[in-house]
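> There's a structure below that I have some questions on.
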Amino acid sequence: MRVLSVLLVALTVAGSAYSQCTVNDASSAQLDSTFGPTTGGDALTFNNNLGNQIQIANNYNFVSNGVVQSNGGDNLVLTGTLTPANSSLTDKFSLRAAFVRTTTPSDVKRELQAGAYTSNGGTVDPSTWSFYQILPDNTKMVSLTNPNTVVTMSENPNTALQVGVGANGKNLQNGASGWFQFKATDGSVSIQSGNGEMEVVDININLGCSSTFDCVSNTYTISKASIDKSLTDQQNDQALYVDQVSTVFGNQQRFDTSSGTVNTISIDQTNGNLRLGAGFTSISDSSITVNCDLRFSPALPSANYQPKLELMNSAYVSGGGSIDPNTWAYYTVNVSGSSCTRNDGTVVTITGDQDNMYLQWGKGANGKNGNFGLSVWLNYVDAALTNPFFDINVDTVCETNPSTNLPETSPPTEQPTAPPATCPPGCIPAIPVVNVTETPAAGNSASSIEMSKLVVAILSLFILAFFH
């Protein structure tokens, strides 16, 4: 069975005739029969059989999809649900590992056969790789069945997570790998890795465009997330819900997406920012409408962050279901660039994420069904109420022919194209970086793919000119 995680990487596209995908699947880095080493093939490995000392497996792969979210490459956050590989043990783990971009370490790992590298006539050039330092305070593995079983990770001296073609150390594909010291405990017994290279936790993954998050247009149509009775006991569904009766929302609490308006979310490839533009109509009084233009930046949740889980426990991987919250992407609101406006001109002033809960996006993230969607909880200003907020629950579908016409709103004081200089708690500063090299298909080199895309672009321009 092909095991996957997802790498969400918003890439800067500079001087290129094409746009790379903003999301990548990450699968276990399988051994290349010609250029690979003699051992490996799993996504995460405790070397020297250290895992068995506290009754956990030594080798793990992802159950379904995880997410590494980035604002353009400065920070990466790898999340996923791990299951033992080739072991009688069944204990699954929730993984969150955070990284920050760093300089080239003194110990760049070259695990492939010598002939794989450009210095010996091969195709793998380590000078093109990017490197990331682990953030221990935001990195943790926790057992889904025994929360007392916890693994923390820290930097292994002179090394870093390396990302690029051949960087996974197992094959010639685009990927990532890293070696980290760790401390593991099951609540009563603790083990800690030594400084030796044989006593580390090892991550080895392939990277490739995601069939789930990758939308060529970077634009998604949104609609009300209808309740799936097999997954939730909730009774009411709506696209927008106001928690208290508020004059700001015309004393209406339940809204559906408006017909006749463009209701979309769009992704900025240069920094990973998300923009939600939609119209909402009161379900009980169709004369009252609200148009919203909301801006978000990728968030960096802590290792202990708990997403909002509104479905039955049995719907989630931890309860035996198929929905994995570790596959979701998270965003924090940019209040200076966000606003909602009622059709009578009343402006809804957004003040932040309600109770520090981030916008969550992915399969089942809307809290109403198992579809690909999102939910978000936002505080707003109403002097007559205490801690007022509204939440949005919608399905999202890739738009093949997106429109750029968003619902009209009162323009905010500032229209930023990137997060503010001082981000809200959890916000990642937007720092565009050089593109990660795209994975070549089997039998093709990265350079041949680039040449093919350039040829296609030139032919397209020729055809347009000829028929003009």
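Each Cβ is built from the backbone N, Cα and C atoms, and glycine gets one as well.
So Swiss-Prot lists these for the protein:
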SIGNAL    1-19  signal peptide
CARBOHYD  Asn86  N-linked glycosylation site
CARBOHYD  Asn334  N-linked glycosylation site
REGION    401-421  region 'Disordered'
COMPBIAS  409-421  compositional bias 'Pro residues'
CARBOHYD  Asn435  N-linked glycosylation site
LIPID     Asn444  GPI-like-anchor amidated asparagine
> Which whole-number value in Å describes the distance between the Cα atoms of Asn334 (N-linked glycosylation site) and Asn86 (N-linked glycosylation site)?
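Taking the Cα atoms only, Asn334 (N-linked glycosylation site) lies 45 Å from Asn86 (N-linked glycosylation site).
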> Taking the glycosylation sites one at a time (Asn86, Asn334), which has its Cβ surrounded by the most other Cβ atoms within 10 Å?
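The residue with the most neighbouring Cβ atoms within 10 Å is Asn334.
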> Helix, strand or coil: which one is Asn334 (N-linked glycosylation site) in, per DSSP?
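In the DSSP reduction, Asn334 (N-linked glycosylation site) maps to coil.
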